[in-house]
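Participant: First the structure, then my questions, so here it is.
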There are 2 protein chains.
Amino acid sequence: MQKEFDDLLEKNFDIKFNDESLLDEAFTQASYVNEHPGKNLKFYERIEFLGDAVYELVVSDYIYRRYPKLPQGRLTRLRAAMVNEHSFSSFARECHFDKYIRLGKGEEKAHARDRDSLLCDIFESFIGAVYLDQGMKPVVKFCHQVIFPKLDEGWFDEFFDHKTELQELAQADGPVDIEYHLLDENGPDNDRRFKVSVTVDDVEKGVGEGHSKKNAEQGAAKQAIKKYTE
Amino acid sequence: MQKEFDDLLEKNFDIKFNDESLLDEAFTQASYVNEHPGKNLKFYERIEFLGDAVYELVVSDYIYRRYPKLPQGRLTRLRAAMVNEHSFSSFARECHFDKYIRLGKGEEKAHARDRDSLLCDIFESFIGAVYLDQGMKPVVKFCHQVIFPKLDEGWFDEFFDHKTELQELAQADGPVDIEYHLLDENGPDNDRRFKVSVTVDDVEKGVGEGHSKKNAEQGAAKQAIKKYTE
């Protein structure tokens, strides 16, 4: 199992631990330690504490540099979306981390392995273990591979109200007039499509499509935001 | 003024900025930018966003390594005490940062320079600016000079209930018997002194003194905690 996990980390993420005991600690729950007394095992919580701060900095640094015009409020909201239990547990599953957690029998029976809160902890403790073993660089590389592409895939969009953000951004230097215009509406009743544009002071800044007018407006606002922040 | 500040940073903290504009940005409030339109000035908020995460990692890394036996819960409480508006504003004053903030006239009149919340922001944005200019190392060095010695000086003690913590620590591996014993009590009524020891399973682990029995017990517990965590 350990060998299988080592191979997975090396093959998928080019990560090879110098100190395997850090990886063991990061993937061991207290329930497992309690079932193996006298072995002097450690569980993941302290490493998770550190991993939490490491991940937060890596994300902050990335979005700070990537969006040079994004104001603090929106940076903070974006970070909160990326540092979030729901996101973490998905990442952990995607990386197959759930398979390698060491649990006590009771926790195994209680399906702890599928529990979002545990997967969230394990994701953070993995980050902490990589940092302790090899410093920041491989953590940053891991995030570039697993996390940051999700920004472009719209993974964190559900956390945002693009229309409100566009208003904040566009009005940063004074009042402006933002309007949404229905450009097109077609398709049968059960698969209706809407196309909407957004203008700021009568200049078109974005176009969006969707199955509802609301979705199409959010899409248009999202496209317009890009023009203000990239 | 700028020259004076550069000299202060170099003399007191051995920090010399490569990119002075980062330092300017970190010490400029929005009110100042608004009063100087067309100069394309930036205010500190984005750098503060980053500095917040940098400082949190530096503190987390330090206390993780310094207290190798401290459980996650106590690490988290200690970090919260060290990442705290009250602490930040005191640090900023101690470093004389308040003197070099660029404020608009209205904010100056409203005594913003003495406002804890602003000093807190500026402390974080300073950290962010050093990190952007020179990376982690000088931030860590700065914290070793300004922040970490305060741990030994008891600066963060007010955030802790040492007796509760001692109980948590001592009982981590099973139930134990913790007792406090009054060893001595002397001095006049208006300057009474108490001396108390604490035993864990009848072994003395710490002694404390104070103007009340409660304070003396907290001191004894604090001394005992050291034995468990260092």
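For all residues, glycine too, the Cβ spot is worked out from N, Cα and C.
So TrEMBL lists these for the protein:
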ACT_SITE  A:Asp52  active site
ACT_SITE  A:Glu124  active site
COMPBIAS  A:205-216  compositional bias 'Basic and acidic residues'
DOMAIN    A:6-135  domain 'RNase III'
DOMAIN    A:161-230  domain 'DRBM'
REGION    A:205-230  region 'Disordered'
Participant: State the Cα to Cα distance, in Å, between A:Glu124 (active site) and A:Asp52 (active site), rounded to an integer.
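Facilitator: Cα-Cα, rounded: 5 Å.
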Participant: Just to be sure I understand, if DSSP states are collapsed into helix, strand and coil, how many residues of the compositional bias 'Basic and acidic residues' (A:205-216) fall in each?
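Facilitator: The composition, in the requested order, is 4 helix, 6 strand, 2 coil.
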Participant: Summarise the domain 'RNase III' (A:6-135) as counts of helix, strand and coil residues per DSSP.
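Facilitator: Taking the domain 'RNase III' (A:6-135) as a whole: 95 helix, 2 strand, 33 coil.
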Participant: Based on DSSP, tally up the residues of the domain 'DRBM' (A:161-230) by helix, strand and coil.
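Facilitator: Across the domain 'DRBM' (A:161-230), DSSP assigns the residues as follows: 29 helix, 25 strand, 16 coil.
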Participant: Under a criterion of Cβ-Cβ distance under 8 Å and sequence separation of at least 6, what residues of the same chain contact A:Asp52 (active site)?
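Facilitator: A:Glu124, A:Ile127, A:Gly128 - these are the non-local Cβ neighbours of A:Asp52 (active site), listed in sequence order.
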Participant: Other than its own, how many Cβ atoms are within 10 Å of the Cβ belonging to A:Glu124 (active site)?
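Facilitator: Taking every protein chain into account, the count is 26.
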